[in-house]
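A.B. asks: Sharing the feature lines straight out of TrEMBL:
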| type | residues | note |
| --- | --- | --- |
| DOMAIN | 1-208 | domain 'Heme-copper oxidase subunit III family profile' |
| TRANSMEM | 30-54 | transmembrane segment |
| TRANSMEM | 74-94 | transmembrane segment |
| TRANSMEM | 106-124 | transmembrane segment |
| TRANSMEM | 144-167 | transmembrane segment |
| TRANSMEM | 187-207 | transmembrane segment |
């Protein structure tokens, strides 16, 4: 990778080999590379939702699995989100400054972006030290560490990419119309930002929903009660459709409707009391 960057820099900056067609080819290659990265992370999200939407009996039929205490999304993960979004703003600022031929602001924007990238990596490492579960703790631990770990690796690669752009910008390698290396780094960094937003929403927030500042059983009581009532209403609909098709008297239908409604009320009240006692 380093040698490729060196060759591209030499060919485009000093030898003048990068014509308009060459630049378009490099741009298309970068787009295809990012698309391949999207497919790469899509596999991780597929594994996560496959395990979380239909948890198996080995996971206790719940997600996160019993015994796993996920991290609160409103601590370090939220701070990391703000850091990455801020870095996206600074790298865009640097790009617009380059188009406006403002060399000083280009350097400031790149320095800020690299610093925010390093800060994100530091926070991510601190978060791993605080987790109460490991990569071998059920499907939750595996998908969490693999998805966030590979994203962290991409952040390190993107930070290195931007640091090289910072050195090149300091040496005046970029011009208003000739700066593909900077463009590629900015695209890659925005891709990293978007992936993190999906990670935060799906794994950190949705994946740990109901566990933040609440005990597992108490946090699940309302959801379980609501789902139980829905199932009862489904039974009610099925029971009311039966007399319409097979009963010959209105009285039989009315009695079964009343019986179904009473059963629903009794089930919901009993379930709610049991959850309240727990």
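Glycine is no exception: its Cβ is also placed from the backbone N, Cα and C atoms.
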A.B. asks: For the transmembrane segment (30-54), what are the same-chain contacts with Cβ under 8 Å, counting residues 6+ beyond its ends?
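C.D. replies: Those are 63, 139-140, 143, 146-147, 150-151, 154, 184, 187-188, 191, 195, 198, 202-203, 207, in sequence order.
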A.B. asks: Which sequence-distant residues neighbour the transmembrane segment (74-94)? Criterion: at least 6 residues beyond either end, Cβ under 8 Å.
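C.D. replies: Residues packing against the transmembrane segment (74-94) from afar: 105-106, 108-110, 112-113, 116-117, 119-120, 123-124, 126-127, 130, 155, 162, 182, 185-186, 189-190, 192-193, 196-197, 200, 204, 212.
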A.B. asks: What parts of the chain pack near the transmembrane segment (187-207), using Cβ distances under 8 Å and only residues at least 6 beyond its ends?
C.D. replies: 30-31, 34, 37-38, 41, 45, 48-49, 52, 63-64, 70-71, 73, 77-78, 80-81, 84-85, 87-88, 91, 113, 117, 140, 143-144, 147-148, 151, 154-155, 157-158, 161-162
